[in-house]
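> Below you'll find the structure I mean.
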Amino acid sequence: EFRPRPPPRVAPADSRTSGSEPSRLAMAAAALRAQLNALLANMFTTGMVDEQFQQLQSLQEDGGSASGFVAEVATLFIDDADRIIADIAALLDQPVVDFDKVDAHVHQLKGSSSSVGAQKVKLACMHFRQFYEAKSKEGCLMALALVRSEFCDVRNKFQTMMQLEQQIAACGPK
């Protein structure tokens, strides 16, 4: 079960630095961190991401991976999933659908989603299976719409997460 991290403690402003640029940056960074923590908590509580995503975050936070590791993995996932979804759509647009190729692409997307912890995309891919196994073009088109919708949601959240992380980094060290 996901437990949101408490917001980082920001030392009270020293009277000698009160109103100075560093304390304003520290306050801005703390506010941005609070937004980021709220976003991440929402992603977990809604089931958008799972413990695999939390594992990636832990690797970065524990120093086992470089800063920006999660953002890099998320970016690779977004690019990969965009391409795969376009490929599936192109296959389903053919007069005669090659359901084996659809299967291979959905399987690839499921694996990619699973590795980054994009749980709702992974579940939508699992739902897709019944339609390509039944060789139902209409069912596959409906399942693709769900996959695309779940992907767009997680992509938007990942992009917001990365923007917040960049803004926090621009405020200086923790």
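Keep in mind that glycine also has a Cβ here, set from the backbone N, Cα and C atoms.
Heads up, TrEMBL stuff is auto-annotated, nobody curated it.
According to TrEMBL, the protein has these features:
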type: COMPBIAS; residues: 1-10; note: compositional bias 'Pro residues'
type: DOMAIN; residues: 66-161; note: domain 'HPt'
type: MOD_RES; residues: H107; note: phosphohistidine
type: REGION; residues: 1-22; note: region 'Disordered'
> Below 8 Å Cβ to Cβ and six or more residues apart, same chain only. Which residues does that give for the residue listed as 'phosphohistidine'?
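Expected: C125.
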> Which residue counts does DSSP yield for the domain 'HPt' (66-161) in the helix, strand and coil classes, in that order?
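Counting residues by DSSP class gives 82 helix, 0 strand, 14 coil.
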> Determine the mean pLDDT over the domain 'HPt' (66-161), rounding to the nearest whole number.
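Mean pLDDT, the domain 'HPt' (66-161): 96.
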